[in-house]
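J.: One structure coming up, written as structure tokens, with questions to follow.
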């Protein structure tokens, strides 16, 4: 079928499919599209194919459908089928990349171990760091890809001769938080065609392109955690990690008993099953003692945090006086002004200008307004030094 953009598709010029490789026309450019089986990546593949690019679809098989992973999850059999169906209908090749073993080792096992350490992990970032932007990019090069395109809602621009990431234009769909660990070398190979579009417009494009997945709901869960039931996944995959322990107040009083620290996250208020004259929150998870520490909201808020494995886009040396940044501590949270100083070897200290909830295992992602600077993993310095 011949693709002719309608006025609705142009969206006042925001649909920008300029040559993905400078100086190389579409018909000579091979684009490997990371297809999850969802609407966004399917639209990317369809638009590039109809624009004349040599498109190859690639879908990662990350897990089998099982009680632990769930049948309704991303990168499972249903999603692979949907991606193959889109590729077959449009007429471009599609490959399935079996990363089940490495995904279990580097993402699921890390997820389990993170909870055992009393952290709150972000497996989607770990997946980006490993199977998606390490292994998949390697496979894309091996099959002759010039670039890899994804359905992420971020913008890729060149600033002062360096490739940079800007937040997606749609603030409700911006995914820059999850890409803080992308390296400068990987970014040279990546393309994000949807960064200037709103999700509603992408849905409209899918309908106008008659894609079979046009009405497919967005995935809301961690791909191997169906219906956000991560506790069930932990019980199935590592039963020994779920054991009873004490709930204590920050002042040392014993308040009750818990059925596993993996059932709690820092900042949690509901589900503590203890009575008190004022609201109590999870302030800290002491994995060494298998103890949940709770207290008033004032004990929860912090002005400083510590990060490790810092990644910068592009590579950057923090001035000795520190660097003023906008810091985001949650994927859906607002940014706060902060200053980061280097502690050497990829470690840093971030001082916030506002009180915030700080959860070890989450990411502290750094921005200069719209521009993604990089980020690192929040860690408990006392536990780290005592390890």
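Cβ from N, Cα, C; glycine included.
According to Swiss-Prot, the record shows the following:
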{"type": "BINDING", "residues": "34, 35, 36, 37, 38, 39, 40, 41, 60, 151", "note": "ATP binding site"}
{"type": "ACT_SITE", "residues": "127", "note": "active site, nucleophile"}
{"type": "DISULFID", "residues": "127-223", "note": "disulfide bond"}
{"type": "SITE", "residues": "152", "note": "site 'Interaction with tRNA'"}
{"type": "ACT_SITE", "residues": "223", "note": "active site, cysteine persulfide intermediate"}
{"type": "SITE", "residues": "362", "note": "site 'Interaction with tRNA'"}
J.: If you pair up every Cα among 34, 35, 36, 37, 38, 39, 40, 41, 60, 151, the residues annotated as binding ATP, what's the maximum separation in angstrom, rounded to an integer?
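T.: Maximum Cα-Cα distance: 16 Å.
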J.: Going by Cα-Cα distance, pick out whichever of the recorded positions 127, 152, 223, 362 is nearest to residue 40 (ATP binding site).
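T.: Sorting the recorded positions by distance from residue 40 (ATP binding site), the top entry is 152.
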J.: Going by Cα-Cα distance, pick out whichever of the recorded positions 127, 152, 223, 362 is nearest to residue 34 (ATP binding site).
T.: 152
J.: Compare the C-alpha of residue 38 (ATP binding site) with the C-alpha of each of the recorded positions 127, 223, 362, and give the closest one.
T.: 223
J.: Please name the residue among the recorded positions 34, 127 whose C-beta has the most neighbouring C-beta atoms within 10 angstroms.
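T.: Per the Cβ count within 10 Å, the most buried is 127.
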J.: Measuring CB to CB from residue 362 (site 'Interaction with tRNA'), give everything in the same chain under 8 Å that is also at least six residues away in sequence.
T.: 119, 120, 122, 329, 330, 377, 378
J.: Please classify the secondary structure at residue 223 (disulfide bond) using three-state DSSP.
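T.: In the DSSP reduction, residue 223 (disulfide bond) maps to coil.
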J.: Would you mind reading off the Cα separation of the residue listed as 'active site, nucleophile' from residue 60 (ATP binding site), to the nearest angstrom?
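T.: Taking the Cα atoms only, the residue listed as 'active site, nucleophile' lies 11 Å from residue 60 (ATP binding site).
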J.: How many other Cβ atoms are found within 10 Å of the Cβ atom of residue 152 (site 'Interaction with tRNA'), counting all protein chains shown?
T.: 27
J.: Taking only the recorded positions 36, 60, 223, which one has a CA atom nearest to the CA atom of residue 152 (site 'Interaction with tRNA')?
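T.: Checked the recorded positions 36, 60, 223; minimum Cα distance to residue 152 (site 'Interaction with tRNA') goes to 36.
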